[in-house]
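Copied from TrEMBL, the annotated features are:
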type     : residues : note
DOMAIN   : 124-257  : domain 'Peptidase S54 rhomboid'
REGION   : 1-39     : region 'Disordered'
TRANSMEM : 60-83    : transmembrane segment
TRANSMEM : 131-151  : transmembrane segment
TRANSMEM : 163-181  : transmembrane segment
TRANSMEM : 187-205  : transmembrane segment
TRANSMEM : 217-237  : transmembrane segment
TRANSMEM : 243-259  : transmembrane segment
TRANSMEM : 295-320  : transmembrane segment
Amino acid sequence: MEGESLGSKLHTKIEIKPPGQEPASPSSSSSVLHNPETDNQVEGKLPFFKSRYRQRASDTWLISLLVILHLMAFITTTLVNYFSIPSVFFQPLSENPLLGPSASTLDKVGALRRAFLAQNPLNWRFFLCPWLHAGLIHFAFNISCTIFIGIHLERDYGPLRTGVIYLLSAFSGSLICSLFVRNNPVVTSSGALFGLLGTMLSGLIRNWKVYSSKCAALAALFTVMVLNFLLGLLPYIDNFANIGAFISGLLLGFVLLLTPQVRQMSKNKAGLFEYGGNRAKSTIKLKQKLEVDRLVLRSISLVLFVILLSGCLVAVFLGIDANHYCGWCRFIDCIPYKRWSCNDGPKTCEIMKNNSEMTLTCLYNGNTRVFPFTNVSQDRMNDLCAMIC
């Protein structure tokens, strides 16, 4: 009996395992079974707008800096408008439907206009115009979308590549804007946002197999793009800069953004290609295919971007006005409406003053308006004449 009891005790203490098998701790087993993020990682799928690797606030310092710079530029524009037109921070909606400064104020702070390009084809306005906003409505909408898109890109691909794409897209948008701009002041700050949208699309296409919720990402991208394009149909915002910056951002995204910054991806998925079969053969084929894919994609995109940028620079130096070759292109930039004017023709007004009132009559269409003041600058007089013409 004692022998049986002793054998039973020994039997309960001895556990025979297959060779090489390590005991699994309960905590690790539980995490594998119940952690959905781990399951996602094994399958090689990453949420497009919610990555588990986006936790540090320092990951978004670039977008924070860009927002501060845009805010400083907007405050400066508002103050210039206030001191140019005393006691007025924003013009009425009848003059600026985006609740912003006057046209003469935009001219002072760096907006683009055909007359300025005729004097100096490539000047300081190309570098200041991407930081300007046409009004409070434009600023709020543009900055909100920039934060939404920019934070995602910066956390996934890093601040350096995101910043390079942002600045190059903004400059390219200003160059393309100069080819279509007419004799009304325009700003191109939305161009940088469209550059980020193009980059977002290229990253989604390039890593199609990596991300989940692709339809939701495409819907968000399309919604932001359409809303900002519709906003660009109002005066003072240039849609050609948006189109040019979007194309630039798309090409630069293929050049600079190939895979998101994640710790681990599925061993049989990469971008638009999927591989299976024996693990050793699959790994070798995957590496070879990725090298060819990256080289070809980067080379083609880089060549196209260089052609676009250099072509625009040459066209700007030659003073080419694309409106001479495209009569309907003006409707892409500004849609005429009774509450605002898209007319860029000669604006000449007849002025009549008495003690406390000033009457302006547009010689172009005969419109007349009486203003309860007489002491205004010539720039302000031009603003009022343009408003009634």
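Backbone N, Cα and C atoms are what each Cβ position is placed from, and that goes for glycine too.
Not measured: the values here are computed from a predicted model.
Per DSSP, the secondary structure of the domain 'Peptidase S54 rhomboid' (124-257) breaks down as 105 helix, 5 strand, 24 coil. The highest tally of CB pairs under 8 A with the transmembrane segment (295-320), across 131-151, 217-237, 243-259, is held by 243-259. Taking every listed stretch (131-151, 217-237, 243-259) in turn, the largest tally of C-beta pairs under 8 A with the transmembrane segment (163-181) is reached by 243-259. The list of residues near the transmembrane segment (131-151) in space but at least 6 beyond its ends in sequence, with Cβ under 8 angstroms from a Cβ of it, reads 60, 62-63, 66-67, 69-71, 73-74, 77, 90, 96-101, 106, 109-111, 162, 166, 186-190, 192-193, 196-197, 200, 224, 227-228, 231, 234-237. Looking just at the domain 'Peptidase S54 rhomboid' (124-257), the mean pLDDT is 92.
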